[in-house]
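Visitor: This is the feature table in Swiss-Prot:
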SIGNAL    1-35  signal peptide
BINDING   Y36, C56, C59, H60  heme binding site
TRANSMEM  286-306  transmembrane segment
Amino acid sequence: MQNRNTFSWVKEQMTRSIFVSMMIYIITRASISNAYPIFAQQGYENPREATGRIVCANCHLANKPVDIEVPQAVLPDTVFEAVVRIPYDMQLKQVLANGKKGGLNVGAVLILPDGFELAPPDRISPAMKEKIGNLSFQSYRPTKKNILVIGPVPGQKYNEILFPILSPDPATKKEVHFLKYPIYVGGNRGRGQIYPDGSKSNNTVYNASASGIISRIIRKEKGGYEITIANALDGRQVVDIIPPGPELLVSEGESIKLDQPLTSNPNVGGFGQGDAEIVLQDPLRIQGLFLFLASVILAQIFLVLKKKQFEKVQLAEMNF
């Protein structure tokens with residue numbers, strides 16, 4: 001009886017352990033594959049360095065264009081559109097983590113002035129919601145609501161990303177003023193070449209770690225290669241591991257030099273950054289401008305009427 005209870009307890013513990021392990025695996029894979037911006041969020045307090053460089057460029061090495069469009073000026077406590085465009089050739093396919101080819105994902109980081117933030121859902125118009133689609137934005141940090149990140153999302157559908165932004169009101173936020181402010185943006189298409197820990201992804205070129213003769217190339221079952229390089233002087237052998245994805249450029253018996261490319265560069269994506277300016281406009285200034293324009297128009301009208309009156313007087317004197 002005791003042996004049966006022991007067996008049941010062991011069976012229950014094993015089942016529970018397997019279930020917990022599976023859940024951890026699923027959650028971990030989901031968080032890694034669906035949260036590329038988290039790499040920057042975990043490693044950097046601020047995504048924009050003192051030099052002006054956005055840290056995403058540390059992992060996405062190729063330079064590509066990005067564009068941002070915002071209104072020239074906005075009023076306080078107003079929702080407006082910030083449109084980020086990440087252009088690329090839609091026919092391109094990138095190397096995925098498993099070595100296969102697939103479509104490119106895109107992502108973006110938007111660095112707004114202090115006080116500007118993501119518009120709450122109840123302030124977004126139905127027309128703007130339709131433009132946004134199913135995109136989900138998040139703050140870079142809970143304390144940095146002015147820095148927004150998005151991605152990775154399918155580039156075929158979202159190479160143009162609309163951020164709904166709420167402008168601050170200086171009447172309620174004393175640290176905000178009616179001024180011209182800069183806005184910074186970074187956008188990438190495709191996977192990066194380097195992981196945050198400094199290791200290479202399979203979406204980059206692999207170089208020889210030593211000079212010598214390639215004595216053996218082994219193709220792995222799951223893809224990728226093991227390349228053995230023998231030093232011609234001392235016979236010392238070095239093995240370079242190539243993950244699935246990059247295409248091999250060398251063959252057995254070939255003489256190579258240190259840092260010579262062993263593979264092609266499969267990367268078709270890249271990162272770009274840009275900036276724009278926006279004016280937080282004081283409504284009183286606009287009212288003052290309208291009053292000034294109205295006074296100018298009235299002055300012109302009175303001037304024309306006065307001129308006509310003067311011409312009539314002159315004409316009457318001439319007839320007299």
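Glycine is no exception: its Cβ is also placed from the backbone N, Cα and C atoms.
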Visitor: So if I draw a 10 Å sphere around the Cβ of C56 (heme binding site), how many other Cβ atoms end up inside it?
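Guide: There are 24 of them.
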Visitor: At a 10 A cut-off on CB-CB distances, which of the binding-site residues C59, H60 has the highest count?
Guide: H60
Visitor: What does DSSP say about H60 (heme binding site): helix, strand or coil?
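Guide: In the DSSP reduction, H60 (heme binding site) maps to coil.
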